[in-house]
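Before any comments, here is the structure.
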Amino acid sequence: METFSEALGGSSDSEGSGDSTDSEDSDFIVDEDNLFDDPEVDMRDFCLNIDDNLEWVGDAPITTENVAMSDEEMEVINTDVLQYDSSSNEAQMKTRRELDIVKNDKNRVRVVCKGTIPDMGILETSGKGGPGQRNINGGHSQTVKTYEKEHKCLQTRKIKACNYKFLSKQILEQLESNPEIPIRALKEQLERKYQIQMSDMKVFRAKAKALQLLGVILGGQYSILRDYLLEVQSRNPNTTVKLQVDNSSNPASHTRIFRRIYICLGPLKQGFAAGKRDFLGLDGAFMKGPYPGMILTAVGLDGNNCTYPVAYGLVESENYSSWTWFVKNLGDDLDLTTNSNFTFITDRQKGVLPAIAKLFPCAENRFCLRHIHENMKRKWRGKEFKDCLWKCATTTTVQQFNLAMEELKKLNNDAYEWLKAIPPQHWSRSHFTGKAHCDALLNSLCETLNSKLVKGREKQIISCLEFIREYIMKKLVIVQKTIDKCSGPLTPTATKTLEKIKGEAAEYRAVFCGNGKYQVTGGVDQCVVDITQRTCSCNKWEVTGIPCKHTIATIWDMRRNNENVGIPETWVHPTYWLKTWEEMYSFKIEPINGRMMWAKSTCPTKLLPPKHHVPIGRPKKKRRRSATEDDSATGTRTVRCSKCGNVGHNGRSCKGQAVGGSQASGSDVGQNAGGSDVGQNACVGQNSGAVNKRKSPMV
């Protein structure tokens, strides 16, 4: 739930790389060789088409012809079928007059107008009744005992009936379609509609109450979840859906409590197989709606370094059991066995490493270098340590890796021993096998997808699953438009990378040594290329699948000797070919019908939402920042005084401190244990062993 200050501004901090809260400190690691490009998908028009009558059954409005009533007092007999509280509130809001209900029991309702009696909106004239007879829908009769037509009071812009509970019911439909509407915009709409003054806090409470009601109302989506899954499966053949309920439920009961769900759409399964790259990133993200849970995603890469979602699921939490269940279903869809040479990259989340080790012991498991760096910064911070870590990770040969580790050892032996304890085959390119034809060191592909799903994670279960499906469906179409404009043998990213390598290969010369081997020299760099085995001693060709500069120099030398080797693009792995990229996106996700056309599930049990105890306090929606992140990541800055030049205060609050902070005349400057001036640091608030009595103003 958003705070009052966030609601006024119309935005709130949340997870995802698309907002300012995801900015990191200045030494953030960036893999420039693997910048994952992802197209922009417009999800602002997302709207789930579900029948309102099925999700929300409220009080049916009483449709009657309005009759002007302007008496001092009205008494109604036999009113057990009416609900005068809501009718009275609507009447007061419509006429802008105070209406006080002085009696309301099973037999009569007495309403006294403090100004002028408004139109109650519930009576209609009966042709058969007498002058004092009125009928209500359904044939129930009423008797109006007092009826006067003269109005002597004025309208008012302050109505007690206009409370946050009444307003929350009026904005339910609007918030269902646009839950992120700012408070001020909502306030302007309500004031324009009712011509009544409202405070910001009242509208804020009304919005919070309405969102709470929507959470309860839309909780009924669990009861029609099976219908939605049947529709998705029928429209997309070969789709895998696994739904798991809580085992603690009573077997004899007609209800089941939702626990987990796994979805792998058939077109995504076929497209990933056509991409010819055995590389997947695994990650999880928190749900932000009224029910807890985690969204687990499996994301691959296409030949253009774009993210390609493969499977997604919603589980109760991120643990060994949930990850084992998710990875096992993923392996079944991708035909993975215990001996499969697959490659995963993870953030080392809770339970994911043991799950992969148990199900696929032969798989290559990479660790995200960013999270290794975050753990390293807890003890060893600074650009020197970051550069040493990055050099160790980006080296492609074991010899270069050992030299980089020796440099770290000279810098700090404890940091060397700490990094040495992490097996290099999980985070250094020098120890990668090259099975995935990708040298990515960061799990940015999953974080990229999670940032696109921030708004969907705030919705209910069907809305959330449909948001993910619709996002992926639109994304495939957008990438297809890019493919239609491309020409050439390779994808645009692979073409750009190969052109850069060709420029570097111009400085190298190759010497044929027989048996398909070449000695390639350029300056102090010298490597051996085996053209028959498609290997190079620099190890870059095997890891990435794109010929290195030594290989390009060898191919040019072979062409000068009239050997039929073709162009360098033919030596690139097929995953980077344009036709492979086109085949990968030829499998499109099919659209689905609206709620009224879904087939009914034959399952005899009803699905209920998971049990959840709402904790005390405001729910946290901001991203959990690392303890090592600098204040610069939050966008704050320090004020510098225009008079004395010191930081920590402005010219208005300057107390006459000397320039440079060497001496100050004011009493606000703290002193150290020896009694000497702290100087500039005292203005900032850094009083090592001292007492700084003035809090430094920060902007």
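Cβ coordinates are placed from backbone N, Cα and C, and glycine is handled just like the others.
TrEMBL assigns the feature region 'Disordered' to one of the listed ranges (128-171, 656-699), namely 656-699. Long-range Cβ contacts of the domain 'SWIM-type' (518-559) within its own chain (Cβ-Cβ under 8 Å, at least 6 residues beyond either end) map to 396-397, 429-430, 432, 434, 437-439, 494, 497-498, 501-502, 504-505, 507-512, 565, 568, 571-573, 575-576.
In the predicted model, the domain 'CCHC-type' (640-655) has a mean pLDDT of 84.
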